[in-house]
């Protein structure tokens, strides 16, 4: 976590990496200006992003004009030095992009069974939770992440974050005051993607892998992991991000929907779903959760 924070802060203030070209700036209300940089791998291109999220600007979508390819590329470049989309060979790199965006698509979709183009074409329809039922303020964390009067910490972003402690941790890592201004995430698409990638790259606990590490093979399961049927792969990323909310319950719809987006994106990106692995690798249907009895919405 300390390594992640150090790299992110360094990148925020000193964009002097030799393999990245600065092109312009992105402006956001109340946030630090971030350089717009080119993702150094050019194999994930604009047309592919458009294919994955082809319905996001349909008039009935709820975030028309918000999400775009360049916001994702800008955000992804921040985490390139940590291995996001750059670990392993080209196939592994493309699979990680498909895996991350599979989570994004499933969590921001407004698709349904008879939707035009099919239910998997409607990712990035939302950028925040609609009609939240609560403010998601947990006073247990009032010392480190006190709730700001009037602020509401409902789900926002590409992989929505909830609760004051998650906004506080993400803001600290990204050097943006999200605890006082959680609304920044729904005002700037680059920041919304950055928060999601930060979540993908960050372990929930120090003794556990990040979703990134579990997917690309950096994680070596312990004996307890093996007993809990937790193995590296896409299934483990769902376990890390959502825990018992989707895992360990068999092939439930909430889990299968995420898996379907991932497989669909693998096909659209030309990798092919046959690369996704066996059922125990692809799903978390039989996995015991890493962190049971946690707030399900905290994911």
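Every residue, even glycine, has its Cβ placed from backbone N, Cα and C.
According to TrEMBL, the feature signal peptide maps to 1-28. According to TrEMBL, the feature domain 'Glycoside hydrolase family 19 catalytic' maps to 48-274. Residues or ranges marked as disulfide bond by TrEMBL: 137-147, 247-284.
Locations of recorded TrEMBL features on the structure.
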{"residue": "137", "record": "disulfide bond", "DSSP class": "coil"}
{"residue": "147", "record": "disulfide bond", "DSSP class": "coil"}
{"residue": "247", "record": "disulfide bond", "DSSP class": "coil"}
{"residue": "284", "record": "disulfide bond", "DSSP class": "coil"}
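Each residue contributes its Cα atom, and for residue 247 (disulfide bond) and residue 137 (disulfide bond) these two points are 25 Å apart.
Shown are the disulfide-bonded residues 147, 247; the one with the most C-beta atoms within 10 angstroms of its own C-beta is 247. Of all the disulfide-bonded residues given, namely 137, 284, the one with the smallest number of surrounding CB atoms inside 10 A is 137.
Averaged over the domain 'Glycoside hydrolase family 19 catalytic' (48-274), the predicted model reaches a pLDDT of 96. Cα separation, residue 284 (disulfide bond) to residue 137 (disulfide bond), rounded: 29 Å.
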